[in-house]
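J.: Below is a structure I'd like to ask you about.
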């Protein structure tokens with residue numbers, strides 16, 4: 001580890017890397033579009049609720065907003081923070097464990113403590 | 001830094017220790033700091049027992065008694081037990097996984113200094129005469145009403161120290177995940193490294209709630225917040241939830257490393273592989289997970305209702321299952337082994353029944369109807385001292401004797417060690433066994449004295465004498481340490497003669513770069529495998545001798561923590577003194593300026609040259 005090691009890629013590896021980068025770029029742009037779309041729907045729903053459109057009660061809007069938020073977080077993590085790629089198993093495990101703890105604790109409060 | 005030994009002046013040595021980023025030295029600093037706080041907490045315990053020696057005693061006043069029990073609990077948990085265990089993790093874990101240091105040496109140093117200044121902040125309260133007095137749990141209704149600055153010291157001191165612990169925990173996690181030697185798979189890691197991993201993960205999840213709770217308390221007391229004031233729309237019970245969501249994992253953060261220490265000692269002195277290694281790992285992880293699912297069992301009498309109490313009773317009792325797995329595995333490791341009765345092994349053997357007693361009373365208290373009877377009596381005191389002293393402190397004392405040669409290169413005197421053991425163990429059972437009955441007889445905890453004629457007199461005398469014996473045991477240990485250090489008889493790589501894990505394949509104390517060559521790990525108990533196959537050194541290298549990259553020392557962590565220490569006083573006095581706010585700003589400025597210095601100035605470390613390492617190897621006449 002004394003010096004910085006320079007690794008020369010073969011043409012095949014180079015091409016593969018290019019193809020993968022292209023595919024990942026396409027994915028990211030698609031997901032970005034989807035996320036903007038979800039955001040627009042969310043805002044529209046809230047505006048519809050505010051102007052009293054029939055059917056847009058808070059019991060409909062709030063759960064859908066929370067669902068969209070969860071989807072957005074998932075997309076963010078998997079497509080922009082590269083959690084879908086290799087070598088992210090440990091961070092994934094810790095995040096899911098933390099999310100599970102948070103979920104169970106909140107569930108405890110709303111279900112049995114403050115019930 | 002040269003690897004050749006040379007005489008240095010006191011100033012240079014002091015500077016070296018203040019700026020060190022070497023995990024072994026930081027570990028020793030943790031042990032030293034934790035040891036000092038352990039003695040302070042122990043003196044407080046003795047004062048409590050002197051006060052309770054006889055009915056209607058007035059050795060200390062009621063107010064002072066409240067302060068002493070609060071500081072005894074807080075000091076022992078946050079400033080003694082945890083730092084000492086983190087000290088062992090620091091020294092031993094990188095050696096066990098074959099790493100040259102922890103992943104972030106600078107942060108390691110920062111973690112220590114934050115713990116140290118946080119602890120100092122808490123204890124400076126004695127000099128101000130305004131000491132935390134709401135119990136170590138500092139329940140909000142009481143702590144908000146407490147006059148003076150006592151609780152402010154608690155909130156800010158623990159905030160600083162807790163930050164240090166969080167930094168340490170993250171550091172250990174990254175170290176274990178990324179820096180294991182070639183061949184060291186997760187399922188080949190020694191159990192102490194496994195418990196370090198799980199305890200660090202628990203620190204990662206448990207300390208943020210404490211941080212939030214302490215911030216709420218700080219704002220309520222110093223900056224006009226109303227989080228816990230029900231007259232202003234706050235909720236005082238929320239503190240109890242936040243505290244115990246942190247607090248219950250916290251006690252497992254303490255006990256898991258102690259389990260790890262015993263899981264190293266028992267196989268070594270039974271000269272036998274740990275029985276059920278996979279089950280032990282599984283039990284450790286399961287205990288770590290379940291530790292977050294039981295916090296409300298500290299709050300049965302708050303009035304959460306029968307549903308919550310029943311669910312938390314069941315989840316509490318579930319923890320007995322993985323713990324039972326561990327107990328049986330230790331017993332079966334000893335079964336049929338060729339046992340050597342060394343001091344660490346004596347602690348390990350006596351730990352099993354002591355801890356089981358604490359565990360059984362835990363299951364008793366986990367039953368909500370019985371808890372209504374026993375709540376706030378001496379039975380609870382007896383229970384948690386049985387798990388913490390009978391588990392954690394016995395683990396710490398065992399680990400001290402066990403790893404002393406690895407840390408300092410000298411063996412603690414065995415006969416004196418056994419005297420410490422006998423005094424401490426007898427004193428411990430004498431102090432706390434009788435307290436179960438005191439609880440049954442109705443003696444309430446946290447009350448500064450009791451009246452004559454309730455049948456509690458003799459039991460309290462027995463308890464106090466026991467505490468004295470424990471104190472004598474620790475005194476013998478200190479004498480032992482002094483004698484050993486003065487005699488300074490150096491020992492070899494594997495002074496116990498039966499080393500199984502990697503730390504016993506290198507010299508005692510290890511060179512600052514630990515391993516001249518990164519080791520190759522061929523299985524669980526890799527050193528034992530090598531020795532059994534005829535490789536006397538117990539070590540196979542995974543790489544040729546080459547330059548080693550090492551980090552530079554730095555004084556910045558200490559200055560950074562000192563800024564927080566100064567700022568804490570500013571926050572505390574900002575409402576009543578003109579200099580309060582400027583001091584707060586100045587302290588935070590010192591901290592942020594040192595952070596900026598660290599960020600903007602590149603420090604790439606240095607290389608230990610191959611020639612130096614080869615010379616070190618030759619001096620020893622062979623490798624490692």
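Quick reminder: no glycine exception, Cβ is built from N, Cα and C everywhere.
Quick paste of what TrEMBL says about this protein:
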| type | residues | note |
| --- | --- | --- |
| DOMAIN | B:9-522 | domain 'Cytochrome oxidase subunit I profile' |
| TRANSMEM | B:28-48 | transmembrane segment |
| TRANSMEM | B:68-92 | transmembrane segment |
| TRANSMEM | B:104-128 | transmembrane segment |
| TRANSMEM | B:153-179 | transmembrane segment |
| TRANSMEM | B:191-217 | transmembrane segment |
| TRANSMEM | B:274-298 | transmembrane segment |
| TRANSMEM | B:344-366 | transmembrane segment |
| TRANSMEM | B:378-404 | transmembrane segment |
| TRANSMEM | B:416-438 | transmembrane segment |
| TRANSMEM | B:458-483 | transmembrane segment |
| TRANSMEM | B:555-573 | transmembrane segment |
| TRANSMEM | B:579-600 | transmembrane segment |
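Describe the structural surroundings of these features, if you would.
T.: Sequence-distant contacts of the transmembrane segment (B:68-92) (same chain, at least 6 residues past either end, Cβ-Cβ under 8 Å): 23-24, 26-31, 33-35, 37-38, 40-41, 44-45, 47-48, 60, 102, 108, 111, 115, 119, 122-123, 125-126, 131-136, 138, 154, 158, 161-162, 165, 168, 172, 192, 196, 199-200, 250, 253-254, 257-258, 261, 388, 392-393, 395-396, 399, 403, 406-407, 446, 503.
Under 8 Å from some Cβ of the transmembrane segment (B:104-128) lie the Cβ atoms of residues 19-23, 26, 29-30, 33, 37, 40, 71, 74-75, 78-79, 83, 86, 90, 149-150, 153-154, 156-165, 167-168, 170-171, 174, 551, 554, 556-558, 560-562, 564-565, 568, 598, all in the same chain and six or more residues away from its ends.
A Cβ distance under 8 Å defines the sequence-distant neighbours of the transmembrane segment (B:191-217), meaning residues of its chain 6+ beyond its ends; these are 85, 88-89, 92-93, 96-97, 138, 140, 143-144, 151, 155, 158-159, 162-163, 165-166, 168-170, 172-173, 176, 225, 227-228, 238-239, 242-243, 245-247, 249-250, 252-253, 256-257, 259-261, 263-264, 274, 277, 280-281, 284-285, 287-288, 291-292, 501.
Note on the transmembrane segment (B:274-298): residues 187, 191, 194-195, 198-199, 201-202, 205-206, 240-241, 244-245, 247-249, 251-252, 256, 259-260, 263, 266-267, 304, 308-309, 312-313, 315-316, 318-319, 321-323, 325-326, 328-330, 332-333, 335, 365-366, 368, 371, 524 of its chain, located 6 or more positions outside it, place their CB under 8 angstroms from a CB of the stretch.
Listed as Cβ neighbours of the transmembrane segment (B:378-404) (distance under 8 Å, sequence separation of 6 or more from its ends, same chain) are residues 31, 76-77, 81, 84-85, 88, 91-92, 251, 254-255, 257-259, 261-262, 264-265, 342-344, 347-348, 350-351, 354-355, 357-359, 361-362, 364-365, 410-412, 417, 420-421, 424-425, 428, 431-433, 435-436, 438-440, 443-445, 477, 484, 496, 503.
Nonlocal intrachain contacts for the transmembrane segment (B:458-483), taken as residues 6+ away from its ends with a CB within less than 8 angstroms of a stretch CB, comprise 39, 42, 45-46, 49-50, 52-54, 397, 400, 412-413, 416-417, 419-424, 426-432, 434-435, 437-438, 441, 450.
When Cβ-Cβ distances below 8 Å are used as the criterion, the transmembrane segment (B:555-573) is approached by residues 18-19, 106, 109-110, 112-114, 116-118, 120-121, 149, 152-153, 156-157, 160, 163-164, 218, 222, 579-595, 597-598 of the same chain, each at least six residues removed from its ends.
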J.: I need to check the long-range neighbours of the transmembrane segment (B:579-600): which residues 6 or more away from its ends have a CB within less than 8 Å of a CB in the stretch?
T.: 106, 554, 556, 559-573
J.: Within the same chain, where does the transmembrane segment (B:344-366) have neighbours whose Cβ lies under 8 angstroms from its own Cβ atoms, ignoring anything closer than 6 residues to its ends? I mean 6 or more beyond.
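T.: Distant Cβ neighbours of the transmembrane segment (B:344-366) are 258, 262, 265-266, 269, 297, 313, 316-317, 320, 323, 327, 330-331, 334, 374, 379-380, 382-388, 390-391, 394-395, 397-399, 401-402, 418, 421, 425, 428-429, 436.
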J.: Using Cβ atoms and a strict cutoff of less than 8 Å, what residues sit near the transmembrane segment (B:416-438) while being 6 or more residues removed from its termini?
T.: 49, 343, 346-347, 350, 354, 361, 377-379, 381-383, 385-386, 389-390, 394, 397, 401, 456, 459-460, 462-474, 476-477, 479-480, 483
